[in-house]
Structure formats: C-alpha cells, structure tokens
C-alpha cells in the first residue's frame, strides 16, 4: 500500500494528535504517503483532504484536541454518504484509512473496508467505552483532569458541612466516575451500571457526619443524571448543603498524559503495519497490555463494554 | 510582645497555610511563642487553641486549604462573642493576634484591638475583593486554576458550534472573571461591575460565527447570575449550543502558586514585625508592590474594592 | 488475623501513601487493627510502631512521599536483624505485615514469612523494575513528571542549534527513559538494555540538523552514564551544543497520578484480603490488568524484569 | 501609522506568544496591518517577514515558546546590520516595530528608532533582569516551573540525610532563586548579589541536621556557579550527601501562567497604542502595577536591575 489517509471523528480525546502523528511518522518510515482528512467523515465526503508531512505533526504530540478537527457525520451511515466518501478516496488515490474516534467511526470504517478500502480503527474517547480494549485514547488524561479538581475540592477546610457533587462525563459509562472516585477517595460513586437509592446516599452522608466528617465528595456519572438534578433530589432527604461542580468539556481537553501518548503511538504505528499487510476492518485495542485486533462487526454488534466494577466494591470498602 | 496567636477565617484561600507558617517561623525567630487557633473566631471563643512549633508548619508551605481550619462565625460581631474571645486570649496569655481571611475577619480584629489585643489582618480570599490591596492571598492561584480549565476547553476541536459558559467565583467582584478572561482569550467577560445586554452577547457570538469561529468562551462572574440561568437567558436569543462549566469549590483549593506563597510569607512576617512593635488594628496590603498598612476602620467603612476595569476594555479590543 | 502492620521501604515512590491508606481502610473494614511502622525495617527493629486510625490516612491519598517515612536497612538481611524485628512484631502482637517498596523489601518479607509472620509485598518504585508486574506504584507519576519537563524543553524556539540531554532515573532499568522518550517524541533514547554507539548518536543528530531540525532531545537513563559524562563524550564527535537537564529526586516526588492511586489502592486492599486468609510470602503485581500473586522467592531468585523494548523500536520509527 | 511589525528576540520566555497575539489583535482593532518577523533581527535583515492575521494568533495565547522564533543576532549592533534591517522595513512598508525580548533587543530598537522607525520594547526574559520594570514576561511562569520541582523534592521521605542543590537560571540575576527559595521554603538561597561563604553554608546544613532535619534544599542561581561545582566545594566541608538538580531549559518553556499572559497582553496592546501616537524608543515596564514607559537609553546606559533583596532576609528569618 502506497497511500493511506487518517481522520479523527466523534468527541475530542487527548492523544488524538499523538495518534495522527504516529500514523504519519510510521507511514513515512514505511515509504508511504499519508493524507490527512479534516472534520472526519464530513471532510472525507467534502474532499477536505491534504497530504501530510513530518512538519505537520512536528509539534503535535503534546497537544490536546486534534489538528484534523473532528465532526459527527450521521450521513455516513447511509450508502449514499459512503459512496461519496469512496469517490473522494479514489480521487485522491488513497488505498487505506485509519479512523480515530468512537465506535461511531467504526461503522463508516466497516463500510469502507467492505468497499475495498481497508480501514483500521483506533479507539479514541474519554468515556473509555469502546468494546475490545481495556483503555481508549484520552481516558487516562480525562481521569487525571477530573482528579485534579477533586483534589482541589478536598482542600476545603471550612467548618461548614458540605456535600460536593462532581458531575463527570462518560455518556452511559461509569469508567471516569469509577477511576476518579477511587483515586480521589470519594465517599460515594454513582454510575449507570449500579442501582442506587437516594435515601441510602443521604444516609451514608449523615453517618459520615456523625463520625465527624464535615465534607463528602460524591462522583456522579452524567449518564445517571445531572449534578443539579442529583442535588435537588438529595435535598428531599435533608439539607446536605450540596455544591455541584460540572467540569463539562474541560474533561475532553488538555495535554495528553504519558500513557495516552504512548497508547496513541503504539496504536498509530500498528495501524500502519496492518494496512501495509493489506489488513482492514479491525478496531485495535489494548487487552491485558497486549495489542488486540478486533473485527469491526464484533465490536459493533456483539461486544459490550463494561467498566471495572471491582473498583466500585473497592471504593465502598476503603472510602466509606 | 511575647506571645501571639494566629487564625484563619472565611472561605478557603490557597496560601493561608504559607501565611500561618510565616507567622510561626517569624514569631519563633523573634523569640516569641506562637499559638494557633482552630476554626477562626469560633475556635477562639471555644478555646480551641494550642501552641505551634516549627514542626507543625514543616510541610505546609505548598498545601492548599488551611491546617487551622476556618469558619464563619457571625456571633463574633456581637460584644458578647468578642468578650468570650477576649476571655480565652487572656486565659492563654496571648497578647496579639494575626487574622487571615476576608474582611469579615477584620471586624473581629478591630474589636479585639480596641479591647487591648493588637490584631493584624492579612487579606486572604480568592475573590480578591478586600480594600487596601492590589492582591489578596489566594487570588493568583485561583485564576490559574480557572485558566487551566479554560485552556482545556479551548482544545475543543469538534465542528459543532458551541458557546462555553464558564461560571467563576468572586462573590460580587469581577476580578477572577477579568483576569481569567484576558489570560484565557475569552471572547466575552460578564462581571457585576459592568452592565451587559443579553441581546448584544448573542449578537457578538453570532458575529464570531459568521467570521468562522465555531467556539466561543464566555467567562461569567457568579455575582451576575449562575451559569445555568445565563444559558437559559441566552437561549431566548437563538440556539447557541451553550455548555456550562461550573468549577465551584475547585477554585478555592489547590497548591498555592509562587506569588501566593511569597505574598503570604511577606504578609505573615510583616504582621509579626508590627505586633512586635505593639501595633495593631491594621489590615495589610500590597499596593504597587509595596506593603501597605491600612486601618481596619478605613477598610471596613470607606474603601471600596474595584477590580482593574482596564482589563475589560483590553479584552474587548484583543479578544473580540 | 486481627492485627497487621504496614511499612514503606526503599526509595520514595508516589502512591505509597495511597497504598498505606488502602491497607488501613481495608483492614479496618475487615475488623482488623492496623499498625504503622516508621522508617521501614529500621523502624521495625527499633519498635517505632503505632496504631493507625482512619484519621491518620484521612488526607494522604493525594500526597507524594510516604507519611511512614522510608529507609534502606541492610542489616535486615541478617538473621540477627530479622530476629529483632520479629521480637517487635511479637511485642506489639502483630500477626501479618504489608511491605511497600522495592524488591529489597521483599527479602525481609520473605524472612518474616518463614518465621511465621505472613508478609505481602507491594511493588513500589519509580524505576518500575520489580519482577512479576507490568507496573509498579510510582512509575506512572514519574513518567508524567519527566514528560512535563520534556514538553517544556520542546517549547524552545530559539534558532540556536541545541542537543538537549535529559538524564532520567531508573537505576539499571530503562523503563522511565523508554516511556518518556516515546511520549515526549525524543529523537533518541539511551538505555542500559540496548547497546549504543556515540558516533551513531552524533550522526543521527547531524542528520536531523541537515533536515532542518535545530533541536534534538535525547533521553538518557542514568544506568548508562550521567548526563554530564554523556555530553562530554558526545562533544568528541563535534559541537552539538549539548545542554544537560538532571531532574534527580524531582522524579520521586509529586502527587500521584490517577493510575498510581488506583493501583496502590487495589494492591493495598488485596494485601489485606490475602493476610485475612493467612497467606503470605507473596509479592503482588498487575500483569495484563489482572492481579498476580508472585512468590517472593521467584521474584528474588529467578525472574528478571525487562522493560517493554518494543517501545525502543517504535520510537526509532516514529521519532527519528 | 498603518503598518507595524513585531519580532521576538533573545532567550525564550513563556508569554511571548501572548504578547505577539496582543500586538496583532490590537493592531487589527486599530485598523493597522501587522507583520511578523521570524528569528528576531536575523530575520529582519533576511527579510523573513509576513503579514499576520487573526488566524495566525488564534491558538497561541496558552503556548510557551514563540511562534515567530527567536535568535540572538550580534551583527545588529553594527550600523551595517541596522541599515540592512531598515532596508527591509522600507521594502515591506513597515512604519513601526515592537520588539519582545531581553535588553539586547532594545539596542537594535534604539537604533531603528533613531533612523525613523519608532520601536517599542517589551521586556521578555525569565531572568527578570531588565531595568525599568518590576516584572518581565516569562518570570512568573519560570518561578512556578522551578517551584513545582522544589515541591516534588520536598516530598522526599527517606531517612537518608540529603542536601538537595537546585541550580536555577537567571544569568547574573538572583530573582528566580530568591522567589523560588521563599516560595519553596528552601533553607538557603545562593545568589550573585549576596556574598556567601561555603563554610557557613555547611554549618547551616549541619545545624539543621542537629535539629532533626534530614533534608535541606539550597537554591543556587547559575550566575554564582554550577550546581556540580557547588556540590564539589561543599564536599570539602564534610559529607552532605549532595544531590544536584539542574532544570536547564525546562525553565524557559511551558504554558505561560495567568499573570504572564495578562502582563504580555497589557504590554502588547500598549505598544500598539504608543506606535499609533507615533511614539517610539521606549521600553515598557510594570512598576508598582502601573505601566511605565522608559527610554531605551536610560534602560541601556544607566539603570541597573536589582532583585527584591528583602526576600533574602525574609527567607533567612522564616526558613532557617
């Protein structure tokens, strides 16, 4: 394969730039030409495509966001959208593609592979909810971003009784909440994967207060409800002086951590290796510290992502 | 003076620990005994007082919060509360006092000074709104904390149009919003000291969009309204895809920056020098990089704090 | 088992405090008493032992260093030293022990286990070189600390030709150098596990210069040689304007990252579970994201730690 | 004035990008055209000049380094070099210039002003040693970078006696050492502006040890001697187990702090205001929180920079 392209799709994830850099540098190392597609599949269809050089990725490894921008492009689910994309690939002479993003980007990748354009998918989302991998690009950075905020809240030294509710991202996954809850020593973690009872939440806070603990921290995954709604419901069980922190899009930005850059680099280089062998239709993953190559179909149809729920039990035991 | 005491009062401000440390170390250096009072004036009245050693402050300079804890104690505004406090000071043989906190703590300090216990006040609040000083302990740290979040939001690279509203603290002051707005390159800053018109806010966002700018950042001081209320009102002028970030108490924590530690150290040592000379009833400040000694009365009665509004105009010119 | 103890040994590793906290909290959860031993085995022999409460670990999860302090105590290798230690364990009624540190601490743990005091070892060292685990407590934090410095060096924008040599820790292991080299996009990585030739190093720098690259970054593991010696030898091959950065003990400190805290918490709780079952003589590890229980003997006698050398090849391909 | 240009010169200072951004944004706001000159005066002479747009500075405010690069160009001290530069200015129709950097860049600025090209100088250097200003762009960031390392060293919890020598930048100025010494609670600060005696240094360390202090931190300004030389000399007075940290160019990089960005923005906008009025030959400064306009001649010939030496005495009193 002589000419490949790369795009980023879906929500921002720190490390996307490092992944694109690895694809470009490894591609050049293997004697290929590497093209960059702006704005994900929207840009593919529009032909917003250009050749990338070493210089283009020269100062990107430490940068959050993605210099290829990103977009969600639902039209690419349709045959019509896919054919337009293929038209552009043919026009630019591109033979293979690397897509970096959420599993939404894998659907398009599957379609392109079936049409003769081998596509490799790299899991990039702070939600860490793509099947077939223990960790996604962007997750390690996001949990450290949230943790930094939890640490600052823990500095609170006033005598006022307070319940700090930290609403974190995750779509329908509780990964960010679980990891930051354990790492931050939060008293309670509320995630979509676990039933919870507001009366018990209030009771746990109260018990802590009786033990002399003035401040409680609850990490709340957005997939359950918003922080403000949680605070309102909690108030029905007494005045817990709830203060809500909503980091929002802060969680999707920032310079990627060491692990996210290394993960992104390993994935990016591996994608080029696979395309070089003519392989496609695979979503990469890191399972047990070994690279896994998962079929797009498996990822999209069968596999479900589950966070590490042992962390939930662990936190109940050591942070009550 | 042979024995002095120190307390922290009001909301947490990073650098309070460094200030207490400076009072203790300078006091010991001058051959005094230094006592620490927990929980501000509440602890003074309760006699929650103990002698501090070099060891007690040995690892505090980099720590957020305050190891003497803090409290708001409105009862100290009454003569009754003050007399109880004086009782304790006499019981412990304390001759002078350093209070670190908001101007609320200065009232108590004024009363104690009038009753024969010279008190020096150090301005400690992230809101930076204590008269008689350009900068308060905790402000520099808080603006860098907020700035870190604004920087991460700026990494957003998706093609979605978004208006990011970052609600920041400040009570009724716009200092945090002004400084973080300029430092973060936010397109708009909404502060209590400046009238604003939601229609114009929406219009400015729209103009930016027409120029190709997909993402806008608005820094909103909490003294104007909450981020959620702002988003609701903005929505009446069109769909600006507002996303609200509320850092909350994150802004009051964290390891103090270099300037906050140096400011806190200069203030703490100066307080001891003044008490050594028998002086009291003064709130310290840094004006034009020189230490200022302001009478409590002046600070409490006459002077008003104004943020640097030239920053407002500056930002309109360079971040529109 | 009703009463256990915990100590930290060897060089500082961020996350040690979180591990001690997990041992204490899980121990209390299981109805045990948990004692803390200061200064590692030196403190054990000296009887510097006290009961720990929830309060003692209340604000420790985010702190670098170890509040139980640490020491290297070669005397514990002798039967005499071990017997003194056992005397103290019996005196305090301690039935089991958790040791956190380098494999040096495992020798003592093995001896104690053989003498009837089950001991569990948790791998804690920034060098990441303890056999039986992919990652040690402290490694993730250290590589991010180094990476932060490499990122700052990358900002250099002057036109001067420069070769930046960053000397990193690792004893005889190249893990820190490998991971920070890949994450930082360093042009060259010099580690003990790989032969290198200074003439080639100089040649690679020169080739980069001919391609227009003014600044090179070389990550040098201290196990090879010091940064200053490397710079001197490099100078024999031409003037490469070498500038040496030696972070030193900076690498052993700092607030632990999310992963280090989660790893430490998982390990700490697991150690208590094992002691509860009466098991001992095991060094824990995380292999492929699953907890591994390794016999001390295996770790000490047979197993050798190897860093992930695929990263070496990867970096040559994407960062040349 | 309708067309101005901006360049960065000398060593990197975080905030230079923010200053260039402010010049561009304010220039555009005032209806001017703003040109960027790469590589300082070297680029001016070479005609490496291009028009800058809002887009060019769109993502620069948080970036370390300078996107206009920098160079030291001694040839510009000669009339010949200056005339070449003027030729280029005329060729591009540039009427006024903003130079950001050390006072070395002011000499060129003075020459250009005398030749009819009003030039405004902005003080940009982490050494903080440009006369006519309390603070230079880059200083606040550098002291926080160093402080972060000092904090990590302070986490050291091993029982080994250690003297940590942290060699910091500053050319011949002790500003960085003074501020980081106070902020980091270092036991001793060694700066060019103060005589020191190695026997006393050793003695102070020893006294600390006798008081139970195992670890000492000494901040050493590079203008005195290198960290390694200091360690060698110290060793002549006993074994103080010195460990040297040399941050080197790490200190010149990194994302600028809030204050550096605000300072840079205020300076950049002011420079445009002055050029708009036809003024030139001035080096800006912030004195007592007010903008100062200093004649280049004064800065270059008469004024000497002095760090705040009261910090030296303060640290002796509170960190002994």
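These residue numbers are counts, starting from 1, taken along the chain as shown.
Including glycine, each Cβ sits where the backbone N, Cα and C put it.
Summarising the annotation, TrEMBL assigns active site, proton acceptor to B:127. Taken from TrEMBL, the feature ATP binding site applies to B:11, B:72, B:73, B:102, B:103, B:104, B:105. Look at TrEMBL and you will find B:21, B:22, B:23, B:24, B:25, B:154, B:185, B:186, B:187, B:211, B:213, B:214, B:215 tagged as ADP binding site. Summarising the annotation, TrEMBL assigns Mg(2+) binding site to B:103. Per TrEMBL, substrate binding site is recorded for B:125, B:126, B:127, B:162, B:169, B:170, B:171, B:222, B:243, B:249, B:250, B:251, B:252. Positions annotated as domain 'Phosphofructokinase' by TrEMBL: B:3-275.
Shown on the structure are the features that TrEMBL records.
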residue: B:25; record: ADP binding site; DSSP (3 states): helix
residue: B:102; record: ATP binding site; DSSP (3 states): coil
residue: B:125; record: substrate binding site; DSSP (3 states): coil
residue: B:169; record: substrate binding site; DSSP (3 states): coil
residue: B:185; record: ADP binding site; DSSP (3 states): coil
residue: B:213; record: ADP binding site; DSSP (3 states): coil
residue: B:243; record: substrate binding site; DSSP (3 states): strand
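Cα to Cα, residue B:105 (ATP binding site) and residue B:125 (substrate binding site) are separated by 11 Å.
The binding-site residues recorded for this entry are B:125, B:169, B:215, B:243, and the Cα of B:125 lies nearest to that of residue B:11 (ATP binding site).
Set side by side, the recorded positions B:103, B:127, B:187 differ in how many other CB atoms lie within 10 angstroms of their CB, and the most is found at B:127. All chains included, 27 other C-beta atoms sit within 10 angstroms of the C-beta of residue B:252 (substrate binding site). Taking CA atoms as the reference points, residue B:72 (ATP binding site) and residue B:25 (ADP binding site) are 26 Å apart. DSSP assigns residue B:11 (ATP binding site) to coil in the three-state reduction, outside any helix or strand. Counting neighbouring Cβ atoms within 10 Å of each of the binding-site residues (B:21, B:72), the lowest count belongs to B:72. A distance below 8 A between C-beta atoms marks none of the binding-site residues from B:11, B:103, B:104, B:187, B:243, B:250 as lying next to chain D. Take the Cα of residue B:250 (substrate binding site) and measure to each of the recorded positions B:25, B:102, B:103, B:104, B:127: the nearest one is B:127. Note: the CA-CA distance between residue B:187 (ADP binding site) and residue B:243 (substrate binding site) rounds to 15 Å. Using a 10 Å Cβ-Cβ cutoff, residue B:125 (substrate binding site) registers 29 neighbours.
Annotated pair residue B:25 (ADP binding site) and residue B:73 (ATP binding site), C-alpha to C-alpha distance, rounded: 27 Å. When the alpha carbons of residue B:21 (ADP binding site) and residue B:125 (substrate binding site) are compared, the span between them is 17 angstrom.
According to its DSSP assignment, residue B:250 (substrate binding site) is helical. The recorded positions close to residue B:103 (ATP binding site), defined as a CA atom within 10 A of its CA, are B:125 out of B:23, B:125, B:127, B:169, B:213. Those binding-site residues from the list B:11, B:102, B:104, B:185, B:250, B:252 that have a Cβ under 8 Å from chain A Cβ atoms: B:11, B:250, B:252.
For the pair residue B:252 (substrate binding site) and residue B:213 (ADP binding site), the Cα-Cα distance reads 32 Å.
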